[in-house]
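Down below is the structure, laid out as structure tokens.
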Amino acid sequence: MSQYKTGLLLIHPAVTTTPELVENTKAQAASKKVKFVDQFLINKLNDGSITLENAKYETVHYLTPEAQTDIKFPKKLISVLADSLKPNGSLIGLSDIYKVDALINGFEIINEPDYCWIKMDSSKLNQTVSIPLKKKKTNNTKLQSGSKLPTFKKASSSTSNLPSFKKADHSRQPIVKETDSFKPPSFKMTTEPKVYRVVDDLIEDSDDDDFSSDSSKAQYFDQVDTSDDSIEEEELIDEDGSGKSMITMITCGKSKTKKKKACKDCTCGMKEQEENEINDIRSQQDKVVKFTEDELTEIDFTIDGKKVGGCGSCSLGDAFRCSGCPYLGLPAFKPGQPINLDSISDDL
């Protein structure tokens, strides 16, 4: 048996950037007679790429840069590390955050001198313990005065003198027999009851009322002569006002304009009146501006004596010229100044 304990070093991936931390941990373990025979990254063990042998190590050390209160460790690996440890082996590097998982997997938590988890021996946990059974106490118990305690016997059916009770018979009810002399009284009606037909009478009365009302209406219309009082439709029309328009338009008192426009399905003549007004306005506008054929032809500056027109801004430069101006691209000039190639030779 070697002098050093076999150990396993599990490293957090962030520790790979500080190799001096790993060397210091190995040096401290060597001072405690612990030799790390294996060294793995925790993520390799978590994804299953590395498997551990059962009961191989005496010490497992988890090295992480995280604080004790912020350690994040896969809970499923606690049972794997418990299987890889020998009985009474220690697990170093985890905190009380996983205290419940440690107790479930058979670890005992040690706080002094250094915090660690110790794997308990399963053989001791399963060891049977004999429990002595209690013996029956005899009745030889004595009081302080030396006298024995009184004994009591269970009463039996032969020795018990309890009173017995019997169920009383039900009392018979008296039977009444009929005798020949007893006869039940009989009742007879002196006269037959009268039956009144109320419903039929009411129905007959209502029928009589309806018939009487119908007959009275018929007599009224027979007496009234409608031939003399009939009025023809044409008589209702006044001869003087037959040609006048019965529809009056409401106009505003200030602007003297109509307040209401014609409806979509106008039948009163308002729509035609509005169309006539619009046509009159358009005809007046056409009379204001009217061009001749010469004025409507395209302006050509190459023809001598041809009247030309423009906006009057041709001499100011391109920024003030129209899109069809023939002077586009030429410099500004004075109105009436003749333009030739010599005057613009510097700009060409």
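Keep in mind that glycine also has a Cβ here, set from the backbone N, Cα and C atoms.
Annotation comment: Swiss-Prot describes Cys252, Cys263, Cys266, Cys268 as [2Fe-2S] cluster binding site. Same-chain residues at least 6 positions away in sequence with a Cβ under 8 Å from that of Cys263 ([2Fe-2S] cluster binding site) are, in sequence order, Met270, Lys271. For the recorded site, Cys263 ([2Fe-2S] cluster binding site), the DSSP three-state label reads coil.
A helical conformation is recorded for Cys314 ([4Fe-4S] cluster binding site) in the three-state DSSP classification. For Cys311, Cys314, Cys322, Cys325, the entry in Swiss-Prot reads [4Fe-4S] cluster binding site, with the evidence type experimental evidence.
Taken from Swiss-Prot, the feature region 'N-terminal SAM-like domain' covers 1-158, and the record attributes it to sequence analysis.
Annotation comment: Swiss-Prot describes 137-170 as region 'Disordered'.
The annotation region 'Linker' is assigned in Swiss-Prot to 159-242.
For 252-268, the entry in Swiss-Prot reads region 'Fe-S binding site A'.
Look at Swiss-Prot and you will find 311-325 tagged as region 'Fe-S binding site B', backed by sequence analysis.
Feature annotation from Swiss-Prot assigns motif 'Cx2C motif 1' to 311-314.
Cβ atoms under 8 Å from those of the region 'Fe-S binding site B' (311-325) belong to residues 331-335 of the same chain, restricted to positions at least 6 beyond its ends. In this structure, the C-alpha atom of Cys266 ([2Fe-2S] cluster binding site) lies 48 angstrom from that of Cys322 ([4Fe-4S] cluster binding site). Set side by side, the binding-site residues Cys268, Cys314, Cys322 differ in how many other CB atoms lie within 10 angstroms of their CB, and the most is found at Cys314. Taking the Cβ of Cys325 ([4Fe-4S] cluster binding site) as centre and 10 Å as the limit, one finds 16 other Cβ atoms among all the protein chains shown. Nearest to Cys268 ([2Fe-2S] cluster binding site) in space, judged by Cα atoms and limited to the binding-site residues Cys314, Cys322, Cys325, is Cys322. Neighbour density for Cys266 ([2Fe-2S] cluster binding site): within 10 A of its CB lie 13 other CB atoms from the protein chains shown.
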